[in-house]
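The domain 'Amidase' annotation in TrEMBL covers B:12-417. Annotation source TrEMBL lists active site, charge relay system at B:LYS30, B:SER105. The compositional bias 'Low complexity' feature in TrEMBL is assigned to B:82-93. Taken from TrEMBL, the feature region 'Disordered' covers B:82-108. The feature active site, acyl-ester intermediate is assigned by TrEMBL to B:SER129.
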Amino acid sequence: MSDSTVDADEVRHVADLARVDLDDEDVGRYADQFADILDHFETLEEVPDVEAEPELVNVMRPDEVEESLDQDEALENAPETEDGFFKGPKVS
Amino acid sequence: MADAHNAFVTEETIEGADSGPLAGATVAVKDNISTEGVRTTCGSEMLAEYVPPYDATVVSRLTDAGATIVGKTNMDEFGMGTTTETSAFGATTNPVDEERVPGGSSGGSAAAVAAGDADYALGSDTGGSVRCPAAFCGVVGIKPTYGLVSRYGLVAYANSLEQIGPLAPTVEGAAELLDVIAGPDEHDATTRDAGAGSDYAAAANGDVDGLTVGVPTELVEGADDEVRAVFEDALDAYRDAGAEIEEVSLPSVEYGVAAYYVIAMSEASSNLARFDGVRYGESGGFEGNWNESFAETRAENLGDEVKRRILLGTYALSAGYHDKYYKQAQEARAWVRQDFEGAFEDVDVLATPTMPVLPPKLGESVDDPLQMYLMDANTVPVNLANLPAISVPAGESSEGLPVGLQLVGPTFGEETIIDAAALLG
C-alpha cells in the first residue's frame, strides 16, 4: 500500500545531510516508521491549489548600533574558547 | 516541597518586583523559555548545562509584574511530543492519575498548576503544547493569536507556528497572566500592537447569551465516546446559557496533521542545526573532521523523537521532495486559514474537544509515532491558522479523568474566547 519506499540507504543519506550519526538498529527502525509517516504525509497531494494573499511582508529598516551581550557573556556557554573566540573542530 | 510529579527540571526561585498585578503570585516557567542565570535545558541532554545570559521578554514581564518564578518545568525534548515522555529528565506524571501522562509538550507546567506547586505557569504551544496538557490535567490553557506574545528568548522549534501561553486553575487567572505577557516587543518583529494595554481578565464573565458557537463536525467525529459525551454536555450548558449551537464544516482540517508535521519538522530541521556543540551545548570533541564531531554530539545528546523530526524535516526539504511535501503543506495551511475565515463569517467561536482521547497511560504511546501525531488532530489546525484558542475543563470521564473543551476565536479574538470559556471555569 505504500508508495513511500524509504530504504536504509535513504535514511543514512538524510542522516548524513542532517549531521546525525545513526547505528544500524536506528536506521532499520527509522526506515519502518518513516514509511508509515510519509504515507500519511502523501495525503497532502489531494490538497487543491489555494489562492492566498501572503500574510507576511518584509519590513526593512536601517541598521542601528545598540547594546548587546558583551564578548564574555556570549562565550559563557561555549565548551571551549581561545583568545576570546569560540573554538570548534577542524574545518578540512 | 518535594516534586512528586517530576514537574520541574530545575527548582530555583527568581524574585519579582515588590509590587505589581502579580505580586505574591508564583509562576512556573517552561524550560524552553530563557531565564538569565538559571539553566534552560529544553528537556534535552544537549542543553543540560546551558545557562542563558539574558531573560526572555515574557520572563522580565512576569518579574516586573511582581511574580515570583519558582522553577523551570519539565517538557518533551525541544517541545517535540504530546506526553512529556520524551524529556531527557524523565517523564512527568499526571497529578489527577499518577499512572497517566500529563500531556505535552508543556506537561510540567500543567502538572505544576494542577498539583498546586505554582499559582500559574507559562508553556509554549506549537501544535497544542499548552492546550493538550491543560486538558489532560484539568486546568485552563491559552494559545494566543500568533504575534500577540513575544517569542524573544523562547528556544525555537517551529517559529511560524509557536506562541507562549498561560496555564492557570481558572479562565480569569489565565487571562490575568496573558494581560501581563501580551503586547508588542521590539525584540520580536512578528509581535503586533494588539494586546498593548489589554484587560482580558475583565472579559472573563461567561456571558454567552446570543453567542453563536460553531461545531466543526470533522473534529468531533473522531473523538472517543467518553470524550464526546462530556463535550455534548458542555454544549448543552452553552445552550442553556443562551448560546446558539451550529454545525459547521471545515474540510481542510482533514489535512491538518500532515500539513502541521511537515511544516514543523522542516522548521525544526533548520532550527536545530545550531546544536553543534561549539557555541553552547555538549561538545563532540576537537579530533577529526568537523562534520564527524557535529554528527557525534548530535547522535549522543539528542533524543529519539528529536532525531526523527530532524531527519523527516531534512527529507521533506531535500531536493526532489520539497514540492511534494513542503509546498503542498503550505497550500494546505493557506486552505485551513481560509476555511476558518469562512466559518467566522457565520459564527463567533468554534468549539471542539481539545483532545480526541483521554490521557493515555505512561508508556502507552511511545512506540508508534504516527499514532501520537494523530492525537493532535484538534489542536494543530489552530496553529496553522495563527488563531487564538483556549482549553477549559469541561467535565470528567466515568473514571474521573479530565476532558477539555477547546474554544477557537478569530484573529486577536482573545476577549471573545475568554468570555465564553468562563462559563465553564
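Going from the start of the chain as shown, residues are counted 1 onward.
Including glycine, each Cβ sits where the backbone N, Cα and C put it.
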Chain residues outside the region 'Disordered' (B:82-108) and at least six past its termini with a C-beta under 8 angstroms from it: 4-9, 28, 30-31, 41, 43-45, 48, 73-76, 114-115, 121, 123-126, 128-130, 132-138, 141, 167, 303-306, 355, 359-366, 372-373, 375-376, 399-402
B:LYS30 (active site, charge relay system) in three-state DSSP notation: strand
Integer mean pLDDT for the domain 'Amidase' (B:12-417): 97
Pairwise Cα distance for B:SER105 (active site, charge relay system)/B:SER129 (active site, acyl-ester intermediate) [Å, integer]: 5
Residues of the region 'Disordered' (B:82-108) by DSSP state, where helix covers H, G and I: 2 helix, 3 strand, 22 coil
Cα-to-Cα gap, the residue listed as 'active site, acyl-ester intermediate' vs B:LYS30 (active site, charge relay system), nearest whole Å: 11
CB contacts for B:SER105 (active site, charge relay system) [other CB atoms within 10 A, all chains]: 34
Fewest-neighbour residue among active-site residues, criterion Cβ within 10 Å, set B:LYS30, B:SER129: B:LYS30
DSSP three-state assignment for the residue listed as 'active site, acyl-ester intermediate': coil
